[in-house]
Amino acid sequence: MSLTSRRALMLAPLGLAVAGGAGFYGMLRGIGTGSYDPRGVPSVLIGRTPPDFALPPLPDSGKSGFAAAELRDLPGPVLVNYWASWCVPCIIEHPQLMRLSREGVPIWGINYKDKPRDAGAFLARHGDPFARLAMDEPGRVAIDWGVYGVPETYFIDRQGIIRWRWAGPVTPEVLDGDIRPLLRRYA
Amino acid sequence: MIGELGHFALALAFVLALAQTVLPLWGAARRDGRMMAAAGPLAHGHLLACAAAFGALLYVFAVNDTSVVNVVQNSHSAKPMLYKLAGAWGNHEGSMVLWVLILALCGGAVAGFGRDLPTALKARVLGVLGLVAAGFLLFILVTSNPFGRVWPPPADGQGLNPVLQDPGLAFHPPLLYLGYVGFAVTFAFAVAALLEGRVDAAWGRWVRPWALAAWSFLTLGIALGSWWAYYELGWGGYWFWDPVENASLLPWLAGTALLHSAVVVEKREALKVWTVLLALLAFGFSLLGTFLVRSGVLNSVHAFANDPERGVFILGLLVFYIGGAFALFAWRGPAMAPTGMFSPLSREGGLVLNNLLLCSAAAVVLVGTLWPMFADLLFDQKISVGPPFFNTAILPLTVPLVLAMAAGPLLSWKRARLWPVLERLWWAALGAATALLLCLFLAGWRVGPALGFGAAIWLILGALADLADRIALFRRPAAAWSRAGGLPRAAWGAALAHAGLGVTLLGIAGMGLATDHLSAMRPGQSVALGGYQWRLDKVEDAIGPNWSARRATVTVLRDGATVTVLHPERRFFPVGRSTTTEAAIHTGLSGDLYAVLGEEQDGAAVLRLHHNLLAPWIWLGALIMALGGAISLTDRRIRVAAPASKRAAALAAKA
């Protein structure tokens, strides 16, 4: 290999590092201005009703599934939570869901791309916060909702309009900072 | 008061680190012996200051000083002492202090053990280490003060995340950091070599032990994290291809490649430029992991407090160190002429193959981890790259890697012939084929586990064949024992580490055949699983230091005889108002008996029972790999550095 091509080759790591650095800087700037959000795009569904769907219940859960029509004319606001037993952040958010459910907030779960057995085992182990529990095994309804990944939580008011969406685990901070004010506002 | 002393110690450490950078590097450039000699004492002073800061941090956590913000956010008086202390490094600020402490320890070790290092090289290595430390100390002082006060102090802390109260998690970060930071030393050696414009066998001899030590710790750290995920998450998963897991795997892959190419530099003075690049990469990946975890650019359970401000600072450090090192590499690298010719089929060739495969694996992991982020940034596309991608992309690289791993150590340097090697490995191949067929016969048509068993046996027997060949066990059995004593420990270590990977593969293959059972049981009922009878005896209340629990008693029987009694629990933590499940695990050589207690209803308890075949071998294998690294570290070549033995030889010649 000639010296020039050796030289060019040895510049490659620097070039890659600079390009990567510029990309990361763009991401950090984007977080600041809101144009880059690692937790997902702001949902286009905010202020609208959920897309039409009807999902079967999770087998052996003893719960009923639900359809879009049932998310209208509710007695109170409802949280719709996409989750899966294989999702690690779902374990982090689970205590918060359990707490909400103990306080009487209805949480309608949609089990996403999961095996019913695994989902049942997850709930048996960590507790079951869901008032209703549907299963979206092919994940098609999740696509209509624009779900970015699990866990993801939607706040739906009593008219059935999506008011808020959170991609990522519901941490105690999210619970106190977002969900409780929403519950008060739309109670 | 103690907190302020700790803060002051950090500032002092920063100043000492700056001095440790400027004086030796300047001295090395000017050939000034006195300035170069300042490196050692400065490194030791810097270590003392960092140790004082870390001690102060441990103290404020141990006494639960709630006037310190960090303690309020991350600790609680009801925590057991171990977790109070572990809480000191379980958060962003504290973990950075641990990071700089370990870096200072490495610097102190280079200064202390490196008496035989050439003065200029030692000064440059310590100077670069000082520069790295100064950057991170500045980061702590400017953006992440661990000793910030809050007034009036709250009555007690808030930090009591019960999921994180776990011995595995308490020691996972320190081990991981020992690995990451260990690669800072090889990085410093690489930069020093670029500054000097010279890489020789002696350099390889100095880099190898550091790469080995860092690699061993990183292996243990990764294994501990995976073990935690296994028993905490509890459905048989041990690796999830989570971005943060990948971030720890990247330096491991680069470090493994470095470990092997450094051997070539040491023995044959070939692959020099490549080895330098790997040393830069290994540390670059470590820093990349730090950046990804702490800046908030990715969404992961492992992520610390997400703060773009901090992200910009770490990115600045990353670009400065890695960009700077790569610029130096582009400038000085071409001048390092390639030396040491070898034919493709030789030990060197085998190690090159190893490097190519490991680096390809690292590239796959890197692309899979970063691509979703860059796709989002550049094309506004949300994609997720999951386990299916990694599994399908890594497998084709693993197969040749495993095949070559057993054969490589049997190849001779410079030029080798394939036939004698295959001749020595035929019984390993026979064993592997037997294991593969046996698995297919016993467990049905399960290709994955069968391949895993075959690969595992191939590696373990291959390592044995290597040892048997070196001590001439079959050719001259009488002298084998004495030859075994004379075999370099590096050879033992290498064989052990290769066999360790085989043991890990055994565990992974076994986990492919794991079985489980979920049912609601009443006391007295029993179920059959994995050849065992599992009987629920009772469910009762139990009380711990900061929790109350429901505890089940499950007796596991085999052929009517009690094997073990398991006590799975569901714990309720009043302070955090959260519940955790504590799986009960009985670990044996043939696998884990694993029981999880779920909810109770109408006198019946939901129990999830697992029979995880060979599961503990996954982590046992990692332990063996790390042990191989440790044994290799005690090799005579490393204990007695070459310059010293030359000096001794010169003295002997004079006498």
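Keep in mind that glycine also has a Cβ here, set from the backbone N, Cα and C atoms.
Per TrEMBL, the features are as follows:
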- B:89-295: domain 'Cytochrome c assembly protein' (DOMAIN)
- B:125-144: transmembrane segment (TRANSMEM)
- B:175-195: transmembrane segment (TRANSMEM)
- B:207-229: transmembrane segment (TRANSMEM)
- B:249-266: transmembrane segment (TRANSMEM)
- B:273-292: transmembrane segment (TRANSMEM)
- B:312-331: transmembrane segment (TRANSMEM)
- B:315-636: domain 'Cytochrome c-type biogenesis protein CcmF C-terminal' (DOMAIN)
- B:352-374: transmembrane segment (TRANSMEM)
- B:394-413: transmembrane segment (TRANSMEM)
- B:425-445: transmembrane segment (TRANSMEM)
- B:451-469: transmembrane segment (TRANSMEM)
- B:490-514: transmembrane segment (TRANSMEM)
- B:614-633: transmembrane segment (TRANSMEM)
Over the span of the domain 'Cytochrome c-type biogenesis protein CcmF C-terminal' (B:315-636), how high is the average pLDDT in this prediction?
87
Within this structure, do the transmembrane segment (B:312-331) and the transmembrane segment (B:352-374) have 3 or more Cβ pairs under 8 angstroms, counting pairs 6 or more apart in sequence?
no
Cβ pairs under 8 Å with the transmembrane segment (B:425-445): which stretch of B:175-195, B:394-413, B:451-469, B:490-514, B:614-633 has the most?
B:451-469
Please indicate, using numbers and ranges, the residues of the same chain that are 6 or more beyond the transmembrane segment (B:273-292) and have a C-beta under 8 Å from a C-beta there.
99, 179-181, 183-184, 186-187, 189-191, 193-194, 199, 204, 207, 211, 214, 243-244, 247-248, 250-251, 254-255, 257-258, 261-262, 264-265, 298, 311, 314-315, 317-318, 321-322, 325-326, 329, 333, 336, 338, 355, 362, 366, 369
